[in-house]
Amino acid sequence: MDRSPLFLIIMGAPGSGKGTQSKLLASQLSLLHISSGDLLRGAVSKDTPLSQEIKSYLDQGKLLPDTLVWKLVHEKLDEFQQDTLLRRLSFLSRSENSAILDGFPRTVTQAKLLHEFLSSYFPNYKVILLDISDEEVLNRLTSRYICPACQGIYNEQQGFSSCPKCSVELIRRSDDTLEVILDRIQTYKQETQPVLDYYTEKQKLITIDANAPTQQVFQSILDSLSASLVYQERDCCNCDCDDED
């Protein structure tokens with residue numbers, strides 16, 4: 001029986017629902033949600049050699065090198081992996097040793113670095129692609145509102161003027177304009193297709209239709225992960241289910 005923990009990577013175009021689905025999966029499956037965006041924002045607020053190196057690039061308006069982004073993500077993954085080993089020695093369930101990574105990798109170089117790490121500790125990891133049309137991306141992002149306090153995302157159809165969770169007035173992101181969105185879509189396609197090709201070759205990719213409503217997309221992901229979840233349930237019961245005829 002394969003007892004390796006569940007590790008998921010979630011990818012998709014801007015507006016595909018990566019953050020929303022990551023949070024739903026983290027809650028439903030007891031996964032640690034690792035967001036590269038959160039890691040970057042956290043690093044910038046600190047005073048460490050790594051954060052200073054990151055700030056030097058950002059202050060100059062330069063893109064962070066693959067190796068530097070990997071340092072940031074690897075630091076968190078290494079911490080998680082060490083904690084996972086301790087939890088597994090305590091015979092905790094698989095779900096308590098599992099995680100979902102959002103916002104990384106963005107390049108083939110990053111994907112290769114990540115694959116090398118995961119192959120050693122989480123060999124059965126999967127990559128979830130939220131596949132969404134350009135039209136749906138435009139529809140979602142041009143009608144999107146953000147809570148500046150909790151980062152909750154809402155749309156015009158919901159009719160909220162303030163966040164229902166923390167009562168803060170909702171705002172529009174400055175980059176949610178048609179011109180910027182079209183540019184982001186094009187950049188995403190150029191950068192991401194080689195990464196998707198890489199994961200397809202590695203037989204890691206699970207493609208989900210993300211044009212559907214949130215809960216329908218979520219259920220599609222769960223259905224696609226059913227084999228992994230069956231392993232999880234069997235690990236938890238510690239029985240000899242495989243010995244049955």
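Each Cβ is built from the backbone N, Cα and C atoms, and glycine gets one as well.
Between the listed ranges 143-176, 211-244, Swiss-Prot ties the annotation region 'LID' to 143-176. For the pair formed by K62 (AMP binding site) and G15 (ATP binding site), distance between Cα atoms is given as 24 Å, rounded to the nearest Å. Counting neighbouring Cβ atoms within 10 Å of each of the binding-site residues (F104, Y154), the lowest count belongs to Y154. In this structure the C-alpha atoms belonging to S36 (AMP binding site) and G15 (ATP binding site) are separated by 16 Å.
Ranking the binding-site residues K62, R106, R144, R173 by how many other Cβ atoms lie within 10 angstroms of each Cβ puts K62 at the bottom.
On the backbone, the CA of L64 (AMP binding site) and the CA of G15 (ATP binding site) stand 23 Å apart.
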